[in-house]
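Peer 1: Quick one: this structure, given as structure tokens, is what I'll be asking you about.
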């Protein structure tokens, strides 16, 4: 935690406001990128990368006070907003959704085809993962590695869009991928692990061997995961990898 003269309550509230300002700025920049360059996927992934980086604000919170849980304020609010904006979906026979506007700013910046229903998959899964990690894996190695792997997922898409030349598709599962994007996923995951662990002061056990192992695991999962559930499957796989890291390679 960063030492401040503020009381624990005020410190955690201020930290939350800083996080909110950061996310608001990221959404505005993402919208600008979409309008300026007309590439929705780049805008989506930019917002995705910024969202994953919410962990860098963890050290601002006073972990000795219950208010550290406010770190999930942004993903919790975004989850509710996304559900509201989905349009129409069914889950267990219960219909939930209200707004059905494909021109809504969040729909346009966070979906591939401006379809509100798409918010149910990548974006909503992402915000729910952030909520779980922020509440149950706060300032831990698992939290750092899981969120870093989602950075790798975003990097994979951006590299694939800009530089993907060698396309491939895994049989039965996954979508269209590129060798360049898969390499970008591994490197993005490793880079984010180093950055997040440094910013949070959280040690990632296993040294560079495990760093490379995590990068490889994230790339494999990203390449083979079902398209609409890649964020969820990647998060689960990386959490399992950290829990059983001894089986991935020597420390």
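Note that the numbers count up from 1, one per residue, in the order the chain is shown.
Cβ atoms here come from the backbone N, Cα and C positions, even for glycine.
As the structure is a computational prediction, the values presented were derived from the model and not from experiment.
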Peer 1: Out of 102-121, 122-141, 142-161, which range is noted as transmembrane segment by TrEMBL?
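Peer 2: Residues 142-161 are the ones TrEMBL records as transmembrane segment.
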Peer 1: Would you please say which range out of 162-180, 181-199, 200-218 has the annotation transmembrane segment in TrEMBL?
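Peer 2: My reading of TrEMBL: the transmembrane segment range is 181-199.
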Peer 1: Which one of these stretches, 12-33, 34-55, shows up in TrEMBL as transmembrane segment?
Peer 2: 12-33
